[in-house]
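What Swiss-Prot annotates here:
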- Ser11, Phe12, His19, Gly91, Leu92, Arg93, Glu101, His126, Leu127, Tyr128, Ile129, Ser130, Ser131, Ser132: ATP binding site (BINDING)
- Ser11, Lys43, Val76, Arg90: substrate binding site (BINDING)
- His19: site 'Transition state stabilizer' (SITE)
Amino acid sequence: MSDKIGLFTGSFDPMTNGHLDIIERASRLFDKLYVGIFFNPHKQGFLPLENRKRGLEKALGHLENVEVVASHDKLVVDVAKRLGATFLVRGLRNAADLQYEASFDYYNHQLSSDIETIYLHSRPEHLYISSSGVRELLKFGQDIACHVPESILEEIRNEKKD
């Protein structure tokens with residue numbers, strides 16, 4: 001029997017404790033879980049890709065079966081095929097997330113019918129945490145320590161120094 005390989009993607013700009021919770025839970029479901037940082041090279045991100053990748057690798061270092069990868073200008077299903085992943089993992093906070101994700105699931109299934117999407121519901125304590133919300137708090141100088149892993153906080157602080 002072949003290994004169960006999953007792929008969880010996002011921009012992780014920045015990674016939140018909600019992302020971390022989904023990744024930790026998903027890592028128990030798969031032999032190998034890839035965490036893919038997907039980004040649009042034509043958009044200005046909050047944190048540079050290198051900082052995001054380094055922060056995620058530190059935050060996920062305790063998970064032996066998890067590997068962080070980065071991609072741009074590629075479809076998720078193409079990256080999944082390249083990595084041998086047959087499952088896409090998505091986190092859901094609310095009904096709006098489900099509706100948003102359902103359209104991607106439709107297209108992904110059209111492009112690769114052998115790849116399934118697995119949905120994990122956010123824990124109640126993470127329902128209202130989002131990367132955009134964290135960026136908004138930072139914009140106004142607010143403390144975000146309770147919303148992001150320590151390694152992400154370090155990357156944000158280091159980026160502000162530069």
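Using N, Cα and C of the backbone, Cβ positions are placed for all residues, glycine too.
Cα spacing between His19 (ATP binding site) and Arg90 (substrate binding site): 10 Å, rounded to the nearest whole number.
A sphere of 10 angstroms centred on the C-beta of Arg90 (substrate binding site) encloses 20 other C-beta atoms.
A separation of roughly 15 Å, to the nearest angstrom, links the Cα atoms of Arg90 (substrate binding site) and Ser131 (ATP binding site).
Sorted by the number of other CB atoms within 10 A, the binding-site residues Val76, Leu127 start with Leu127, the lowest. Non-local neighbourhood of Ile129 (ATP binding site): Thr16, Asn17, Gly18, His147, each in the same chain, at least six residues away, with C-beta under 8 Å from its C-beta.
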